[in-house]
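So that you can see what the record holds, here are the features copied from Swiss-Prot:
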DOMAIN    274-348  domain 'U-box'
REGION    394-415  region 'Disordered'
COMPBIAS  400-411  compositional bias 'Basic and acidic residues'
REPEAT    456-499  repeat 'ARM 1'
REPEAT    502-542  repeat 'ARM 2'
REPEAT    544-581  repeat 'ARM 3'
REPEAT    583-622  repeat 'ARM 4'
REPEAT    625-664  repeat 'ARM 5'
COMPBIAS  706-722  compositional bias 'Basic and acidic residues'
REGION    706-751  region 'Disordered'
Amino acid sequence: MDVSELEENLFAASDAKLHGDMCKELSAVYCKVLSIFPSLEEARPRSKSGIQTLCSLHIALEKAKNILQHCSECSKLYLAITGDAVLLKFEKAKSALIDSLRRVEDIVPSSIGSQILDIVGELEHTKFLLDPSEKEVGDRIIALLQQGKKFDNGSDSTELEIFHQAATRLSITSSRSALAERRALKKVIDRARVEEDKRKESIVAYLLHLMRKYSKLFRSEMMDENDSPCSTPCSPTGQGPNEDRVNAFGRQLSKFGSINYKPMNSRKSGQMPIPPEELRCPISLQLMYDPVIIASGQTYERVCIEKWFSDGHNSCPKTQQQLPHLSLTPNYCVKGLIASWCEQNGITVPTGPPESLDLNYWRLAMSDSESPNSKSVDSVGLCTPKDIRVVPLEESSTIESERQQKEKNNAPDEVDSEINVLEGYQDILAIVDKEEDLAKKCKVVENVRILLKDNEEARILMGANGFVEAFLQFLESAVHDNNAAAQETGAMALFNLAVNNNRNKELMLTSGVIPLLEKMISCSQSQGPATALYLNLSCLEKAKPVIGSSQAVSFFVNLLLQDTKTQCKLDALHALYNLSTYSPNIPTLLSSNIIKSLQVLASTGNHLWIEKSLAVLLNLASSREGKEEMITTQGMISTLATVLDTGDTVEQEQAVSCLVILCTGSESCIQMVLQEGVIPSLVSISVNGSPRGRDKSQKLLMLFREQRHRDQPSPNKEEAPRKTVSAPMAIPAPVSAPESEVKPLTKSISRRKTMTRPFSFLWKKSHSIHH
């Protein structure tokens, strides 16, 4: 086996999320067996038994590989609670390897057999043990799962504390790690459904519920508020005085996400408590008797969703998403929660499905028939998206009267009550669409922006239920009124709605967001949020030609050299990078004088700008026009040479990559680069740089040597290098070059005189090797 392949396998094993010690032991043996496997195949006898023996070894290796992959790809929480099962798998993999290796040892030459015996001996002495701390975490999570159905609001903090401690021990302490864990849990659920393992699915579904419930807490405690806007849904503009309000609203939302098992305090004594929305079927609006999960991940009463499908619908009634299949999976987790809630509130557990679907089924059916993708603001009231407050029909009049009384007694807090997630998305849309007071609309949109910041599911649901169009209408009115604060609020709400959601980005494009942004960038006060939204949209492939052919390109380029906010300038630079990855945009970018602007940024010496500027230049250099303009731009070669001297590893890698592209096929560019005295830097990078940097620097040095050999007269081919050994910096220069051409090189030597002595020993070593 190739050494690089072994290293790759070792790296994969060391990437284990949990049970790292066991993975390390098994991976070491796995790689040793892989290294001799080609020899085993060559030495195999042609008998049927010999082939079967090798096949058994191959199967044993595959088992070992699968358990290693399982530990590196699976959910940390699931690995923790299944520690004993994982340990058993390691023991089985070990036994299978020992048995198959012993059988192989009998049919191969003694030289290979001795290696096999050594591996078998190592395996026999290997003892797999669970890490005590990981086992403790697993036990705590199992205890939490067993008690999960008994928690009420009073002990919610206990559940939070236990889960938070367990997650922290598993290093789930940031927005990114929480997102990775949720995705891993979803994959486990998908596998459980394929395997039809209902118990496993129910357990993992509850773990996913806990992760979703507390992800906001982990993010608020641990995440860096300055994360890149393309990687996390945080706004690139600071929130300042609104920070306390944002945190308060986040705490409020986390309460809404919890299942409330206690009777609602707002109910009058003697009245029946209202079941939490999570326990009611969105179609029947009643407690579920036989809850099932459909392809969208939503839970419904079985008879209700079966009727929905039998009537010819192939979409989710709640989210309106088209479903890839119509299969149903029992949701035992929700069924257990329903039983627990009924027990604590003195209510009889449902003994059968609802007898009638009443009116709400037909409302949902009408909503589904009106639009398969999204709904207008006027028709939103016909659907029941995720966070709408739904109650049994017999209680609806009581709820309505309570709401009217609250509006009379607490008019100043009208908007705050409207944004309450339990009041529903339709109410929010109604305010954004019909409220005449811009200040109230602005407050609602701001609160929704905060909700969208950390809630991926809310982005999906809101995007599918008319919020893109509503926010664009709000932004259009803000632009028309020249209200900079409202423009920022609207743009950043759209920004958060578009994060990691290409469907919402496409809706914005087709709904006319670009003309609005072009108006915003004409006003200095709204350029920041407009640039941020441009950046988000530029991540979409379909948006790159649209933005690339608009006024945005020249605006971004001009912004690079203006004295504006750092974040705004960074957003513009990142947007230009995204646009430059679409090759038809390059002529437009070049015509906007982008290369000179990037050269100025890269020459500032500020590492904040250098790396991304060079990344854009690399994309531009991939075209013939871009390459030619870079070579002829005054100061460009000098700037790249300076980065080779003073840049960090990544910057040096990018700079040398640029120079390789520019010098390939261009003798004049090679002369310009050599006159900058780059040889010591290139030699240093070829020894100490990143793998790609080393490779590129060696290629560039090779280009220089080839050019020098082409320029040297053949009779002097052997003498020329010896004459120049005492002058390391002059070695790459063409020996036959006129004296006038050598002078700039001498000047370059003096400019970097301090660099000559430290790198001279490297150059001499390189000279002795290459010449």
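FYI, residue positions are counted from 1 along the chain as it appears here.
Glycine is treated like the rest: Cβ placed from N, Cα and C.
A Cβ distance under 8 Å defines the sequence-distant neighbours of the repeat 'ARM 3' (544-581), meaning residues of its chain 6+ beyond its ends; these are 228-230, 236-237, 509, 514, 517-518, 521, 527-528, 531-532, 534-535, 537-538, 588-589, 592-594, 597-598, 600-601, 608-609, 612-613, 615-616, 619-620.
Within the chain carrying the repeat 'ARM 2' (502-542), a Cβ under 8 angstroms from the stretch's Cβ atoms is held by residues 229-230, 235-237, 374, 459-460, 463-464, 468-469, 472, 475-476, 479, 482, 484, 487-488, 491-492, 494-495, 550-552, 555-556, 559, 564-565, 567-568, 571-572, 574-575, 578-579, 582, all 6 or more beyond its ends. Sequence-distant neighbours of the repeat 'ARM 4' (583-622) (same chain, 6+ residues past either end, Cβ-Cβ under 8 Å): 544-545, 548-549, 553-554, 557-558, 560-561, 566, 570, 573-574, 576-577, 629-630, 633, 635-636, 639-640, 642-643, 646-648, 650-651, 654-655, 657-658, 661-662. Taken residue by residue, the repeat 'ARM 3' (544-581) breaks down under DSSP into 29 helix, 0 strand, 9 coil.
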